[in-house]
Structure formats: C-alpha cells, structure tokens
Amino acid sequence: MSATILPGAPHLQYRGDALYLEDVRLADLAREHGTPLFAYSRASMLSALAAYQRGFAGRNAKVCYALKANSALAVLQVFARAGCGFDIVSGGELERVLAAGARGSDIIFSGVGKTRREMRRALEAGIHCFNVESEPELEVLSGVAMETGTRAPVSLRVNPDVNPLTHPYISTGLKGSKFGIAHKEALRAYQRAAALPGLRVVGIDCHIGSQITQVSPYLDALDRVLDLVTAIEAAGIPLQHIDFGGGLGIVYNAEQPPAADALWQRLLARLDARGFGERQLMIEPGRSLVGNAGVCLTEVLYLKPGEQKNFCVIDAAMNDLPRPAMYEAFHQIVPLQATTAKPVTYDVVGPVCESGDWIGRDRKLAAQPGDLLAVLSAGAYCMSMASNYNTRGRAAEVLVDGATVHLIREREDFADQVRKEKLLP
Ligand code: LLP
C-alpha cells in the first residue's frame, strides 16, 4: 500500500507503515544522519519547476528561483542545471548562485537595501538586472556603475497596492509597506532612471506577497502594472520585460492554491487580451519550488503530561523551524512509522527556552520517547531562516534522488559555531 499524504508533495508516501521520500525510508535516514535532519526530494523540486515551465511553454519566459526560500548550494545546482535563473537579495546569495554554476545573465537582484559593495560585485558578475526599490537607490546605482565604466540594467519594483490575501508579515504590495515604489510615483521614477547616465532601463517588476493561494491578486497586480507599462512607454521609455515577483503558496494544511500552469494560463490570457503577450516574462517563485519537497525529521525526547496541555518535546526547535514562532504558521507533523496506537493531543515543542518555541499546537499523536516524526512542508523558509539560538548547531541536510542520498550539508558542531569568536587575553 502506498499513499501520498500531502498535495504538492508527490514523493512523500507511506509504503506499508513506513514513511518514504522518493525511494528512501526516512527512518533509515534519521538513524544514519541523526536528527534534526532536513531531507529534500530532487524529483519534487523538478516537478514543481516543470509546472511553471509547462504553463509558459512557447513563450519568452523564465523562472528565477528566489533562493531566500532555500539557498543550499546543492539545491541551487538542481535548479541551475534545470535552466532556472535566480532572484537574489544579497551579496551572499550572489556568491551562492555563482558557486552553484549560474551565469551572471541568469541573475536578478531584488531588495530594498543593496549596498555599494553588493552593487559593484553584481555589476562585475554581469547580472541581468537590478530590481530597484527607490529613487535614492537609482542614484547610488548609477554612480557605482559609472565608476566601474558600465551601465547598470534596471527594473523598478512598483508597488501595485493590491491585497495578496495572506499573512500581514508576508504582504508586501500594500501602501505603507517598505517595499517598492508607489504606483503614482512610478512614472516619475522611470523618467529619472532613464535620465541617469549610469543606468539602462530594461523592465518592470512587482511583488505583492508570499503564500498567495488565489489567482485574483496576481491578475489585479498585473492590470495595475500593465497600466504603468502603457504610461511609461508612452513617455518614450521602452520596457523589455515584465516580472511578476514571487510565486504561489503551497499546501501546509487545507489550502487550495492553484497549480502553477493554471496561474500562467490566466496571466497569459490577460497579457494577450491587453496586447502584451510577446513580452519577455519573469517570475520569482521560492516557496512553491521547494516547500513541499522538504521535511524535517526529529526525535521525540520526552512526553510531558500537564493539567491543561500535554507536551511532546522534540529535538527540533524554533531555531530550526522558525515559521510557527514567527507567523503562527502551521506545519503538519506525522510519524515516520505509522501506528494504530491511540493518539493523545499534544503541543509539540522544542527545547529552546521560549514559550514561542512550539512547532505544532493541539496535535493528535501516538508518540513515545525515541519515536521519529516528520515536520512537513519544511523545504522553504526553514533551514534558510535557521539560527544558532541557544547555541544549537544548525541541522544537517540531505538531498534524496530516487534511492540515492546525498549529504549536502553536515550538521554544525560547536567548533563551527565559535570559529569566528575570540576569547579575551
Ligand atoms: N521575490 C521577492 C522580491 C520576494 O520578496 C520574495 C519573498 C519572493 C520573490 C519569493 O516569494 P515566494 O515565491 O516564496 O512566495 N519567510 C516567510 C516568507 C517571506 C517571503 C519574502 N519574500 C515565510 O516563511 O512564510
């Protein structure tokens, strides 16, 4: 018997009572590599990417993976080899994608606070474009480009002021957000960009938020952006590409996000209807390419019955899985070995000294100390946001490919953590 347990995670299945990722039994992985351990399915990442690529087949379009979601070098290699471009937000991410084999021309650089040093390095690498977020940034970038004897390719991130219908911390396209250039100021900013000697205007972009599970906010943003394209081009500034920003949300619990190819169908229909179907198009998905490709394996340390709550203390914590503490996010938690024992309701918590260190609340589990659990949908914004809080070493990571397992990051030990520290004389 085999059954997929999470939509969007086609390679995570129980075979009999044992949970598998592709052809690897996860309990074997946990025993070999220890816990907490992140495991990612290569096939899941590639099938998520393929859904985007199918959606725009035959068009001049490109996926630029937003590696903030998961920046492991081996994950970047998987996407680079599959023809992805990359959306970076720091000099560190630039070095990562170059190390993973990306070409400069496949890179776009987003973010509100690029430093001069980061700009210089990105110009040297010959990136496709800077997604600029303010007029002061335009001025600085023009100056840096002139110093290096080049013209920086720019797209302006405009703020379409639409509600993405997601968590407020990951909504970015509303008025009052620190991101982007206000819709009504965009034309003036483009005129400024076109006049600056160190810049070359190449496109327009927007990003309205993350974990978006409906098509309508994308269509609303697209309409607002196309209105601007019309106005900007009427002012004599041609735009080669349109970039829609981040990708779709994923299923953590009972969400029903559209499929990536269905999103494209709707976007392309709107673009065609408004006469923009031939443009170069870009999208910067992060979560939807990796989120449900990954799980975090963890061991039950203690069961702690209480008057009001029962606690199941595991060896993974908010430093490994920060999303519940930061956004009250939901991640499914399932046993690596299914059982018919009677479940008890627990708050599943980590060892960190914070009440906010919970991974799941009111979960029904038939767990015993020593049992192994998987926290699902852990491929995006988990390891990339992990910290050393409480001097906990960051977890190890493996990439599963069929029955083959690649250790892609060793577990951090104490020496790794204090390498840059100095004792007083
Ligand atoms: N492009 C830009 C400019 C972005 O700011 C983001 C995400 C993306 C693309 C990728 O968006 P995605 O396809 O992953 O939705 N840590 C939060 C999510 C923060 C998203 C930040 N920006 C979380 O764990 O939910």
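Each residue's number is its place along the chain shown, starting with 1.
Placement of Cβ uses the backbone N, Cα and C atoms for every residue, glycine included.
When secondary structure is read from DSSP and collapsed to three states, Cys353 (active site, proton donor) falls in the coil class. Counting every protein chain shown, the number of other Cβ atoms lying within 10 Å of the Cβ of Cys353 (active site, proton donor) is 9. Under the heading active site, proton donor, TrEMBL lists Cys353.
The number of other Cβ atoms within 10 Å of the Cβ belonging to Glu284 (pyridoxal 5'-phosphate binding site), over all protein chains shown, comes to 25. What TrEMBL lists as pyridoxal 5'-phosphate binding site is Gly247, Glu284, Pro285, Gly286, Arg287, Tyr381.
Annotation for Glu354 (substrate binding site): spatial neighbours Met318, Ala325, criterion Cβ-Cβ under 8 Å with sequence separation of six or more. Among the features that TrEMBL reports, substrate binding site is placed at Arg287, Arg323, Tyr327, Glu354, Tyr381.
Per TrEMBL, domain 'Orn/DAP/Arg decarboxylase 2 N-terminal' is recorded for 46-290.
Feature annotation from TrEMBL assigns N6-(pyridoxal phosphate)lysine to Lys68. Within 10 Å of the C-beta of Lys68 (N6-(pyridoxal phosphate)lysine) we count 22 further C-beta atoms, all protein chains included. DSSP assigns Lys68 (N6-(pyridoxal phosphate)lysine) to coil in the three-state reduction, placing it in neither a helix nor a strand.
Pro285 (pyridoxal 5'-phosphate binding site) sits 18 Å from Arg323 (substrate binding site), taking the Cα positions as reference. If you compare every pair of Cα atoms in Arg287, Arg323, Tyr327, Glu354, Tyr381, the residues listed for substrate, the longest distance is 27 angstrom. Comparing the binding-site residues Gly247, Gly286 by how many other C-beta atoms lie within 10 angstroms of each C-beta, the top residue is Gly247. Cβ crowding, taken as the number of other Cβ atoms within 10 Å, peaks at Arg287 among the binding-site residues Arg287, Arg323.
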